[in-house]
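Listed in Swiss-Prot:
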type	residues	note
DOMAIN	27-199	domain 'BPL/LPL catalytic'
BINDING	Arg66, Gly67, Gly68, Gln69, Val70, Thr71, Tyr72, His73, Ser133, Ile134, Gly135, Gly146, Ile147, Ala148	substrate binding site
SITE	Lys130	site 'Lowers pKa of active site Cys'
ACT_SITE	Cys164	active site, acyl-thioester intermediate
Amino acid sequence: MIIHNLGIKDYTEIWEQMKEFTATRDSNSCDELWLLEHYPVYTQGQAGKPEHVLNPNSIKIVQSDRGGQVTYHGPGQLVAYVLMDIRRRNLGIRTLVVKLEEILISVLEHYRIPANIRSGAPGVYVGEKKVASIGLRVKNGCTYHGIALNVNMDLSPFLGINPCGFAKMEMTQMSHFHPNIQLEDVSQHFVQYFLTQFK
């Protein structure tokens, strides 16, 4: 597993790089984990419906090829893109989603933030509020896209959408529980727990 820390990047640029990586990899290519933040952007998943974008203001909307509905990415949110040959690892996509949820819960529990999952609504929650989203794409047995964990960000753009297609879905973030939390520290813990699941 190769880990890349990419800093803050434009969504469309990284999306194109993910597609190119996935299209050109072969059975000997190492899996990769890309860690980054994005400049403010709304992304629509393949199941996304226009009516879930309520008031985008000046924030760009990108129609993506990942699974799921609309979400928001912005600075202070840890994004981890999972470029993995799940066929080689004998993993089903649902199993991968469950493992990613477990990793996110482990990270949150490390900070003593009680997290849970909800049936029929992928992602991770603190109480009824969503703290992390998951959206993947599989092509030729290989995944791209990944997770987004709200660490210490401006949550107000989520008010301009129905996050993940759920009206009035409330969002939260780790800084509500730890005001001085640093994204770099959270990223390190995410990698640690990720590598315990995926060598």
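Yeah, the Cβs are placed from backbone N, Cα and C, and that goes for glycine too.
The separation of Lys130 (site 'Lowers pKa of active site Cys') from Val70 (substrate binding site), Cα to Cα, is 14 Å.
Site extent for substrate: among the recorded binding residues Arg66, Gly67, Gly68, Gln69, Val70, Thr71, Tyr72, His73, Ser133, Ile134, Gly135, Gly146, Ile147, Ala148, the largest C-alpha separation is 15 Å. Gly68 (substrate binding site) and Lys130 (site 'Lowers pKa of active site Cys') have their C-alpha atoms 15 Å apart, to the nearest angstrom.
Other Cβ atoms within 10 Å of the Cβ of Ile147 (substrate binding site) number 23 in total over all chains. Across the structure, Arg66 (substrate binding site) and Lys130 (site 'Lowers pKa of active site Cys') place their CA atoms 19 angstrom apart. Annotated pair Tyr72 (substrate binding site) and Lys130 (site 'Lowers pKa of active site Cys'), C-alpha to C-alpha distance, rounded: 12 Å. For Tyr72 (substrate binding site), the count of additional Cβ atoms within 10 Å of its Cβ stands at 26 [all protein chains shown].
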